[in-house]
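All remarks here apply to the structure that follows.
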Amino acid sequence: MAKEKFSRNKPHVNIGTIGHVDHGKTTLTAAISAVLSRRGLAELKDYDNIDNAPEEKERGITIATSHIEYETENRHYAHVDCPGHADYVKNMITGAAQMDGAILVVSAADGPMPQTREHILLSRQVGVPYIVVFMNKADMVDDAELLELVEMEIRELLSSYDFPGDDTPIISGSALQALEEAKAGQDGEWSKKILDLMAAVDDYIPTPARDTDKDFLMPIEDVFSISGRGTVVTGRIEKGVVKVGDTIEIVGIRDTQTTTVTGVEMFRKEMDQGEAGDNVGVLLRGTKKEDVERGMVLAKPKSITPHTDFEAEVYILNKDEGGRHTPFFNNYRPQFYVRTTDVTGAIKLAEGVEMVMPGDNVRITVSLIAPVALEEGTRFAIREGGRTVGSGVVSKIIK
């Protein structure tokens, strides 16, 4: 019945649960669904339904992920939860589930554990901008001082990875107790903690800028010459808006060029503007066909620059995923597929790392042989002879 009330007129935010194995991420996901469904704001999804996550393929990588949706008074949320630690790593690196913010679940009984740390680091590396903390299993800790200690520990850990630990909302509660209450048709103290958590998420995680409000960027897929009219480049607009008469830059592979948009077409029809998500042809003034190639991007002037060297967080496919069967070593030279093209690059491993095995998640430094339009958060595939052997995200630009 709750489904009828679902509306699309609230701002949309993507979030997910992260944290150490068995600290209660999936139970919390089920509890949020159960507590909100009593208010007609969610469809009830039970624990098993969320835990038996379907496997999906994203860029050839198998990832098990559960997606649920729910609403608060103010917003509509899409929430992802992964059953296994490896699924989180893959999810965050491939961007299969882009998160505008995350709920970090920490057991009050155990405090932060190795994967707690790893998920915070990954969030920092792949650009999850905001974290709200749910200190779970508070019903198992009688000592208020112990709860305070765990909270301090979490704040210090967040600060050590450049998140604002002192200002991060931390809500303590029990996902299991809240789930039991909701199942019994009651609204008790534990359910209130879930509502407190959602109020903190509403309040602390900002509504992301819509893609159309961001700076214009369009990866070039193809280039045509139209006699008497000039050069047309085609592609799907990644973000922003482009209008006839706009000054834009062509960035990547060669020196940056500046030109003016003299036409925007979609399905062979002339348009005044194209926006994020549109597949368009853009007519460029005074640009020769041989000056432009696939792999370059059209962008708002000064919004993105070409780079060759960067640090990245990568996941290397295992052999069951169609990846390599053998490890690779320092100076390995695969192709990096960024947006629409492959560029060869050399990989430098971190100090003390001898080799990388299929299935590993590592931080690497890359030097490309040609500059490509890059920024922190740009995602790429690592390929060898046309097959994908890894997936990564730029965590820091070097030059």
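Using the three backbone atoms N, Cα and C, a Cβ is placed for every residue, glycine included.
Because the structure is a prediction, the values reported are computed rather than measured.
Given the ranges 19-26, 187-194, 323-330, the record in Swiss-Prot names 19-26 as region 'G1'.
Checking the ranges 60-64, 145-149, 215-219 against Swiss-Prot, the region 'G2' annotation falls on 60-64. Per Swiss-Prot, the listed range annotated as region 'G4' is 136-139 (candidates: 124-127, 136-139, 276-279, 284-287). Among residues of the same chain six or more beyond the region 'G3' (81-84), those with a C-beta under 8 A of the stretch's C-beta atoms are 16-17, 21, 25-26, 29, 50-51, 53, 63-66, 68, 91. Considering only the binding-site residues Gly19, Cys82, His85, Ala138, the residue whose Cα is spatially closest to the Cα of Thr26 (Mg(2+) binding site) is Cys82. Sequence-distant contacts (6 or more apart, same chain, Cβ under 8 Å) of His85 (GTP binding site) comprise Val21, Gln115, Glu118.
The secondary structure of Cys82 (GTP binding site), as reduced to three states from DSSP, is coil rather than helix or strand.
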